[in-house]
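Asker: Supplied in structure tokens, the structure appears directly below.
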Amino acid sequence: MDSVIAPLCLFIPLNCNNNKKKSYYCYYNSNHTVDISTKNKIRFSVPSSAGIFNLKKFTAVSFRYDHRYRRGSSGCLRRAVMESSNSASSPDMQKPKIVTGPGGYVLEDVPHLSDYIPDLPTYPNPLQDNPAYSVVKQYFVHVDDTVPQKIVVHKDGPRGVHFRRAGPRQRVYFDSDEVHACIVTCGGLCPGLNTVIREIVCGLYHMYGVKKVLGIDGGYRGFYAKNTVHLDPKVVNHIHKRGGTILGTSRGGHDTSKIVDSIQDRGINQVYIIGGDGTQGGAAVIFEEIRRRGLKVSVVGIPKTIDNDIPVIDKSFGFDTAVEEAQRAINAAHVEADSIENGIGLVKLMGRYSGFIAMYATLASRDVDCCLIPESPFYLEGPGGLFEYIEKRLKENGHMVIVIAEGAGQELLSESIQSMTLKDASGNKLLQDVGLWISQRIKDYFTKQRKIPINLKYIDPTYMIRAIPSNASDNVYCTLLAQSAVHGAMAGYTGFTSGLVNGRQTYIPFYRIIEKRNSVVITDRMWARLLSSTNQPSFLCLKDSIEDTGDEEQSDQLLENGHCGEEGSLISKR
């Protein structure tokens, strides 16, 4: 053991002698914290075998604390930013890998193990001897293959942002016999979870000859609080026919230090994390800690969300299945509404922040008269409101079907609840289900105010649509995602999410997946297609319709961020 004294960071002398100025490598230990405004020093004991890689050589070093990279107590990702006296830039552990080229070409590349571990050995890809792939010409992906984020461009415009194309490489950075992989599922359920698990296991086993695969039981917490499950092709053979996840899942439980300690102690060197944007954010923190420790561990994410709200990718797996299952509820609502005078069928679908399921289920159904989503504000009473539209529809057709996403109308719901006095045992105001709430409001309005008898049937298939096995389309998609993830991990890539971009499998850096939430753009053509299909209004802001119904300039404004505008002008012309 070598003991040294250093402020905040550990200096390790390199090639020091009496005739030359001392040079140092800097190693930062995030488990120690120092007030850098003082001259306090900490003594570190470091084993001579400490894995310190890719650290820059400096003749003189000063330090400052960069608060942009401060994490919470669970993340513990504080870092020192090194500044040399000769203005040499330091390696930025979280700086995106950007490659530029002619014509405005930008590649947002993903990290690689060789970025921080030098002189890694490589091996021939076992697929070259696999008879299943012997008939495939040019099966290995070329190192320069990339996929554009946007495919609609102008001839004189820039080539734009690209992502690295997924697929097997000629050389791999793991010997198959040394691979010890693990799989974990986090967050809510989604059709296709078991299919992804199955295909990761079978892909590792059949394509690369990997025999050691663990399942982490119960989400992130399972890394350090629960037992693991041995996975092989026999164990996972039929799981794709079941809903849910055989590994169990949970929310929270993300203790970065404990998770990485468990990974290190178990000798795991490939981590496959299946989950939504929050889970992928956790995966990014795990990757950074693994990179900080200099471990040869690939961290791979597979995006999962029933709401389809993960950015960049074309869609998330399980979404097609959810939309298909939602049709059953909509069909039932239509039958109920059509079979009785003034019948209203109301269906609540999942979509806390993004209304993709409601929108696509409406477009697929053709029986829906009104679709309400979080991205498109609406109001109930007054000219141009929802009640007026329902009354008009009932007079024209004698029945009506409404689809509402669970996150729609939350502002209206909050205003209503503010006047309520019911509280739970902790003193918190009781919140209502938006479907039940709007059902009651519709009943009260028509029976008490308008004196019009209606028959409303409320159907809530919320958790039914995510608890079923994936359909054929999603099964194929899950297979591609899983195999692409396996190819990427074996090729030494890490800190990435496997996703579909413009119909091509790609590797996307974590920061792009977690930077924002994907949502329905109500000024886009797809929402216009829905309005055309349902013939519903876009709902003007109430104050605009009352104050100045003749102001064409005002009615042509676009709806954006919940404010008045765009398609609201359509309602006054219907």
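Glycine too: its Cβ is placed from the backbone N, Cα and C atoms.
Nobody curates TrEMBL annotations by hand; they come from automatic prediction.
Keep in mind that this is a model prediction, so the values were computed, not measured.
What TrEMBL lists as ATP binding site is GLY188, ARG251, GLY252, GLY276, ASP277, GLY278, THR279. Annotation comment: TrEMBL describes GLY278 as site 'Important for substrate specificity'. Here TrEMBL flags THR305, ILE306, ASP307, MET350, GLY351, ARG352, GLU406, TYR463, MET464, ILE465, ARG466 as substrate binding site. According to TrEMBL, the active site, proton acceptor annotation covers ASP307. TrEMBL lists 551-574 with the feature region 'Disordered'.
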Asker: Around GLY276 (ATP binding site), which of the listed binding-site residues (THR305, GLY351, MET464, ARG466) come within 10 Å, judging by Cα atoms?
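Answerer: Taking THR305, GLY351, MET464, ARG466 one by one, the ones whose Cα falls within 10 Å of GLY276 (ATP binding site) are THR305.
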Asker: Between the Cα atoms of THR305 (substrate binding site) and GLY252 (ATP binding site), what distance do you get, rounded to the nearest Å?
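Answerer: Taking the Cα atoms only, THR305 (substrate binding site) lies 16 Å from GLY252 (ATP binding site).
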Asker: Can you give me the same-chain residues 6 or more apart in sequence from GLY252 (ATP binding site) with a CB-CB distance under 8 Å?
Answerer: GLY219, TYR220, ARG221
Asker: Using an 8 Å cut-off from the Cβ centroid of GLY188, ARG251, GLY252, GLY276, ASP277, GLY278, THR279, can you name the remaining same-chain residues around the ATP site, in sequence order?
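Answerer: After dropping the recorded site residues, what remains is CYS186, GLY187, GLY275, GLY282.
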Asker: For MET464 (substrate binding site), which of the binding-site residues GLY188, ARG251, ASP277, GLY278, THR279 has the nearest Cα in space?
Answerer: GLY188
Asker: What is the number of other Cβ atoms found within 10 Å of the Cβ of ARG466 (substrate binding site)?
Answerer: 22
Asker: Could you state, as a whole number of Å, the largest distance between Cα atoms of any two of GLY188, ARG251, GLY252, GLY276, ASP277, GLY278, THR279, the listed ATP binders?
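Answerer: Site span for ATP, by Cα atoms: 13 Å.
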Asker: Please give me the CB contact count at 10 A for GLY278 (ATP binding site), counting all chains in the structure.
Answerer: 15
Asker: So of all those binding-site residues, GLY188, ARG251, THR279, which one's Cα sits nearest to ARG466 (substrate binding site)?
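Answerer: In terms of Cα distance, ARG466 (substrate binding site) lies closest to GLY188.
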Asker: Can you count the other CB atoms that lie within 10 A of the CB of THR279 (ATP binding site)?
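Answerer: THR279 (ATP binding site) is surrounded by 27 other Cβ atoms within 10 Å.
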